[in-house]
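Engineer: OK, TrEMBL features for this one:
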- Asp27: active site (ACT_SITE)
- Asp27, Glu214: Mg(2+) binding site (BINDING)
- 28-32, Arg40, His44, 72-74, Trp76, Arg78, Arg195, 201-203: substrate binding site (BINDING)
- Asn75: active site, proton acceptor (ACT_SITE)
Amino acid sequence: MPTPDPSSPAPAGAEPRIPCHVAVIMDGNGRWAERRRRPRAVGHRAGARAVNTCIDFCLERGIGALTLFAFSSENWGRPEDEVGALMKLFLNALDREVEELHRRGVRVRFIGQRDRFGPALVQRMAAAETTTRDNTRLNLTIAASYGGQWDIAQAARSLARDVAAGRLDPDAIDEAMLGSRVCLADLPPPDLFIRTGGEQRISNFLLWQLAYTELWFTDALWPELDAATLQRALDDFASRERRYGLTGAQVAGRPQETSE
Ligand code: FPP
């Protein structure tokens, strides 16, 4: 399959642009359960099924990277029973899904403060990463105990260590160097960000990496996610012109109209 160029809308008659990397905030599990008068944990279990829908969709469409926000740095502050239910769900999902993901060519990785999880989960995460490390069909990253501010701080800390050790001149630090120390530095930045659940905010997700990402929001709650909703996001993405701070004429390679 040719590498898609997600930078600008496809010319008429051409295949629509497909994002190389999609990042998702999976919001609305709790409300989905509450509307059914069920405990929030039931919503999270339904949310785990929607994760499979999303992975299937990316595999079918040839999307190379998918990053899912599963648990934020702030989510540790939720009621103890909800955090416990989520940990159990993550553990079960890893036990249940990794072999199948491996069989389908999915590379699984985790970003975030892993040392905050219990040893069983940490061990399963490492095992999933080792089992799937050579897969190339889909790069699946699960952001767990992750915060965008934490990510930038850990990148800054790593540069500061190099400066303190005399390995790095502070004047050499630029955006590219900091960008090489944040999570996902080995992937292209997300082309498309999707958030379900009706809220229109980034909520401390990939703050650095989303600088030029196209944002797409839907009122659908995460457990309601289906291929049609994801396709709407892709269609909208395909119709957008990405300018990266340039003019429309520059992006299209047209002569620039100058003002008088
Ligand atoms: C946000 O919905 C969702 C979460 C904090 C958890 C996300 C977890 C899953 C989708 C389940 C399993 C994931 C994996 C990777 C196996 P919310 O609870 O904040 O919903 P609300 O806004 O309606 O309360």
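Counting begins at 1 with the first residue displayed.
Including glycine, each Cβ sits where the backbone N, Cα and C put it.
Nobody curates TrEMBL annotations by hand; they come from automatic prediction.
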Engineer: Where's the emptiest Cβ shell within 10 Å among the recorded positions Trp32, Asn75?
Structural biologist: Asn75
Engineer: If you count other Cβ atoms within 10 Å of each one's Cβ, which of the binding-site residues Gly28, Gly30 has the most?
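Structural biologist: Per the Cβ count within 10 Å, the most buried is Gly28.
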Engineer: What Cα-Cα separation, expressed in whole Å, is found between the residue listed as 'active site' and Arg195 (substrate binding site)?
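Structural biologist: About 7 Å separates the two Cα atoms.
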Engineer: Please compare the recorded positions Asp27, Glu214 by how many other CB atoms fall within 10 Å of each one's CB, and tell me which has the fewest.
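Structural biologist: Counting other Cβ atoms within 10 Å of each of the recorded positions Asp27, Glu214 gives the minimum at Glu214.
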Engineer: May I ask for the distance between His44 (substrate binding site) and Glu214 (Mg(2+) binding site), taken between their Cα atoms and rounded to an integer number of Å?
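Structural biologist: Glu214 (Mg(2+) binding site) has its Cα 27 Å from the Cα of His44 (substrate binding site).
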Engineer: From the binding-site residues Gly28, Ser73, Trp76, pick the residue whose C-alpha lies nearest to the C-alpha of Glu214 (Mg(2+) binding site).
Structural biologist: Gly28
Engineer: Do you know which of the binding-site residues Ser73, Trp76, Ile202, Glu214 end up with C-beta under 6 Å from ligand 1?
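Structural biologist: From Ser73, Trp76, Ile202, Glu214, counting a Cβ under 6 Å from ligand 1 as near, there are none.
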Engineer: For Arg195 (substrate binding site), just give me the three-state DSSP call.
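Structural biologist: In the DSSP reduction, Arg195 (substrate binding site) maps to strand.
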Engineer: Restricting to the chain of Ser73 (substrate binding site) and a gap of 6 or more, list residues whose Cβ falls under 8 Å of its Cβ, or answer none.
Structural biologist: Gly112, Gln113, Ser145, Tyr146, Gly147, Gln149, Trp150, Asn204
Engineer: If I take the alpha carbons of Gly30 (substrate binding site) and Asn75 (active site, proton acceptor), what is the distance between them in whole Å?
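Structural biologist: Answer for this pair: 13 Å between alpha carbons.
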Engineer: Would you identify the secondary structure of Gly30 (substrate binding site) according to DSSP, in three states?
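Structural biologist: Where Gly30 (substrate binding site) sits, the three-state DSSP reduction gives helix.
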